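In what follows, a single structure is set out as structure tokens and then discussed.
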Amino acid sequence: MGERKSDDLKDVIRKGKSKTQLKRNIGYFDGVSFIIGTIVGAGIFVSPTGVLKHSLLNVGVALTIWTASGLVSLMGSLCYAELGTALPFSGGEYSHIKRGLGSLPAFVFIWTSTVTKPASNAARALLFAEYATQPFYGICPAPEVVKKCLALAVLWSLGILNGCSVKMAAWVQTVFTLLKMMALSVIAVGGIVLLVGGRRENLARFEDAFSSEIPSASQVAEAFFQGLYAYGGWWSLNYMAEEMKNPSRNIPLTVMTAVPAVMVFYLLVNISYLTVLTPKEIVSSVAVAVTWADRVIPSVAWIIPLSVAVSIFGALNSSVFTLGRLSYAGSQSGHLPVLMSMLNVHSCTPAPAMIFSTTIASIFIIPSDLIMLTNYFGFSAWLMTGLTCASLIVLRYREPHLHRPYKVFLPVPFVMVAMCFFLVLAPIVWSPNLQYVYAFLFMLGSLIVYLPFIHFKLHFSFLDKITCHLQLLLEVSPADEFAEGKCE
């Protein structure tokens, strides 16, 4: 039976006319949808509270921090655009760190990301389940079992979708991005209408925007963290660089469209919140968008919680997509089991990598402490972003003749490196916590695996047999193993 299936698999691969490899199916609009869809999750519906609170209810400072957070995200995305056009490979930061800083830092990145990124996906899936189930339970909290079952169902549905078809995953991303932008447009336009024809007290909040108490440096930093959380995801495009059509043109154009668009929407939405609600009301609200809807459109206020769920779903779809590409790239470099770099012979998607990353995310749904998971993800994410921008600087000097269709202004990556390491060190210095020690020890733990299995290339022959059986079961093959393959 096994031999017959093996022969059938080889026949399927040899009958085609194109190589078994990732296909360039993602265009400009798909890329914009992926970036906007990843950035606009639950942050804009929750973070205004944190930004305003740490700004000491100072409206001018809060709006300035929202703008500054957007500019930092734009600078980071421009650095990534240079790396993505010069090195258009799957894997995002991992591929760039490996090229710029070497194998060990890249392995530390993928070792850490193998835990933190699935943990972030688990947090998003649980948050989606919370918003999706709450309308059915009224004022009562939804049972934990129900939320976790729904979170697992959504996570695996998206994992299977992204493992079967890139085009379908991109279509879903576009649809959900449009839906969430429509919801934000309702809030933004509603606020502008109310502001133009509003009462005197509403306008006064903006006329005396900086009249309140000015926050301290540490409070500004805390507010900055909250704003940057809402912009998280601007780095996602580089994970799909290998699947972008005309990456030299589309990667810079996509980030220059998506990130400024999100900045404009975020500012308009925050102005709308401040037009309808006082700063104290915003700070006391659990979900600012829901409170806004109860005040402005009470008859259809249910649209906003539904929009939050839709927004989280779209962000989760994009995260599932990019995480599979990270595992695929790590396997291609020998940092993960070889099975992860194999592609399905029918769809040319990294199905084993999708299964692997979705399984780890499913394990993280069992714990319920989302705050711990999110904090851990944020701590490691900025460290890796700093290393990626440092890789850009290293490559500029070490490989000056590398073809770069787009080059960012050189001081920008230096500013990003300094900013990233500030964002890593600030919370450790100002609010020491044992979780940072655990994070550091976990990163050092990568050496226990790296030295024997990567550096000294220790290998167990029985793993080859397991890989062979799984290859037959999943109908996957190494990319470009055969001169002819079938990819539909």
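Quick reminder: no glycine exception, Cβ is built from N, Cα and C everywhere.
Per TrEMBL, the feature transmembrane segment maps to 26-47, 59-81, 149-172, 178-197, 253-276, 296-323, 343-367, 379-397, 409-430, 436-456.
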### Ranked first among 59-81, 178-197, 296-323 for CB pairs under 8 angstroms with the transmembrane segment (409-430)
59-81
### Message
Within the same chain, where does the transmembrane segment (379-397) have neighbours whose Cβ lies under 8 angstroms from its own Cβ atoms, ignoring anything closer than 6 residues to its ends? I mean 6 or more beyond.
### Response
76, 79-80, 82-83, 86, 93, 96-97, 99-101, 105, 109, 112-113, 116, 232, 235, 408, 410, 413-414, 416-417, 419-421, 423-424, 427, 435-436, 439, 443
### Message
Contact between the transmembrane segment (436-456) and the transmembrane segment (253-276) is defined here as three or more C-beta pairs under 8 Å separated by at least 6 residues; is that satisfied?
### Response
no
### Query
Do at least three C-beta pairs under 8 angstroms join the transmembrane segment (26-47) to the transmembrane segment (436-456), pairs 6 or more apart in sequence?
no
#### Entry: Contact set, same chain, for the transmembrane segment (296-323): CB under 8 Å, 6 or more residues outside the stretch
34, 37-42, 45, 92, 117-118, 120-121, 124-125, 127-128, 131-132, 134-135, 154-155, 158-159, 161-162, 169, 172-173, 176-177, 179-180, 183, 186, 190, 194, 233, 236, 239-240, 276, 287, 289-290, 354, 357-358, 361
### Message
Can you work out which residues elsewhere in the same chain, 6+ from the ends of the transmembrane segment (59-81), have a Cβ less than 8 Å from its Cβ atoms?
### Response
35, 39, 48, 51-52, 92, 205-206, 209-210, 212, 214-215, 220, 223-224, 227-228, 230-231, 234-235, 237-238, 251-252, 255-256, 258-260, 262-263, 266-267, 270-271, 274, 279, 385, 388-389, 392, 406, 408, 412-413, 415-416, 419
